[in-house]
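A.B. asks: Annotations for this protein, taken from TrEMBL, read as follows:
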BINDING   R48, R54  NADP(+) binding site
BINDING   R125, S126, S127, N237, A238, G277, K292, P293, T294, S295, S296, R318  FMN binding site
REGION    42-61  region 'Disordered'
Amino acid sequence: MSGNTFGKLFTLTTFGESHGQALGAIVDGCPPGLPLCEADLQGDLDRRRPGSSRHTTQRREADEVRILSGVFEGVTTGTPIGLMIENTDQRSKDYSKIKDQFRPAHADYTYHHKYGVRDYRGGGRSSARETAMRVAAGAIAKKYLAARGISVRGYMSQLGPISIDFKSWDGVDDNPFFSPDPDRVPELEAYMDQLRRDQDSVGARITVVAEGVPVGLGEPIFDRLDAELAHGLMSINAVKGVEIGAGFDSISQRGSEHRDEMTPEGFLSNHAGGVLGGISTGQPIVAHLALKPTSSITTPGRSIDVHGNPVEVITKGRHDPCVGIRATPIAEAMMALTLMDHLLRQRGQNGDVRVETPQIKQL
Ligand SMILES: C=C(O[C@@H]1CC(C(=O)O)=C[C@@H](OP(=O)(O)O)[C@H]1O)C(=O)O
């Protein structure tokens, strides 16, 4: 295996480069009989698509997905689902100047040393463009999970220094930031406009929440649900940290504060983030992601070329000044893929999940 496949029973394999002909995926292990068509995937793809606001890369891609296999007369057949999106707006000349240079903080350096050869155009396989396929596959998982009462939603909880308190799910999809508080959008826009003038980039924090997840998903030791979530989320380009529930705040909490006390009506808090001992509790599963600032910026930076000579790197082209702005649907997809895989694994070992979910009291 060379790291292009995610999951055990419900698997996603992706292929393709940012400036190659197309991106593709094979989704295997999907149960038969799920009604599925392109429109089911396109909604989430449109949420991730480049060029949808002035705060993202201006590369214009329709990201129109085609289902090549695994669906017959409108339902999945249980055979591998092949997906494809053609690349239509590559501008590879933007990269000719830096083809022999390593952008500081970019995978250019590690790909070069690992493989000895690399498609430098648009970052090749290391480009975040690959995440389109995760989103398409995640939409299949989301649809299957939704039919079982499980939802997966995300929002931006911090843009650079600006933290955004959760207000409501209403309107999260109606602004380019996925802000859960629409009143903060002008502030976020002003921040991004200044950032663009500064020719710089910034990081972000995304929060993803799955609700309606039954008790019992996850394996107790190496394949803990939280470990697999961290794997899936950490595998997204630019992610440098993942927290489940209280995450690193657990360090300063006391046991009496951190513990989620239980009553016959349910849990009284959710510091665990919906996972205990690697297994879902039935509470909402809550994960937070830290995305680093985009490495491709026009502010000159010191680096070296492939021969080891010092160079000053300036990355021109069409780049996201904050990859976190488009990361919400990607994070949702990775959580949905992980939950889908574990739902099938739970069913495989223990039969259909029938344990009643305790009443949810609080996020
Ligand atoms: C195209 C997408 O994002 C791209 C991600 C990306 C990178 O280096 O990660 C660099 C840019 O590619 P290019 O230089 O070819 O325009 C982005 O536009 C996408 O997400 O669909």
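Cβ coordinates come from backbone N, Cα and C, glycine included.
Fair warning: this is a prediction, and the values are worked out from it, not measured in the lab.
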A.B. asks: Any of the binding-site residues R48, S127, A238, T294 with a C-beta atom under 6 A from ligand 1? Give them in order, or none.
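C.D. replies: Passing the 6 Å Cβ check against ligand 1: S127.
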A.B. asks: Tell me, if you would, which residue among S127, T294, S296 (binding-site residues) has the fewest other CB atoms within 10 Å in the structure shown?
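C.D. replies: The binding-site residues S127, T294, S296 were compared, and S127 has the fewest Cβ atoms within 10 Å.
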A.B. asks: What is the interatomic distance between the Cα atoms of R54 (NADP(+) binding site) and S127 (FMN binding site), given in whole Å?
C.D. replies: 20
A.B. asks: Between the Cα atoms of S296 (FMN binding site) and R48 (NADP(+) binding site), find the distance and write it as a whole number of Å.
C.D. replies: 19
A.B. asks: Is it possible to list how many residues within the region 'Disordered' (42-61) are helical, extended or coil according to DSSP?
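C.D. replies: Once the DSSP states are binned, the region 'Disordered' (42-61) shows 7 helix, 0 strand, 13 coil.
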A.B. asks: Given A238 (FMN binding site) and R48 (NADP(+) binding site), what distance in Å do their CA atoms have, once rounded to a whole number?
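C.D. replies: Computed Cα spacing between A238 (FMN binding site) and R48 (NADP(+) binding site) is 15 Å.
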A.B. asks: What whole-number Å value do you get for the CA-CA distance of S127 (FMN binding site) and R48 (NADP(+) binding site)?
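C.D. replies: Rounded to a whole number, the Cα-Cα distance is 14 Å.
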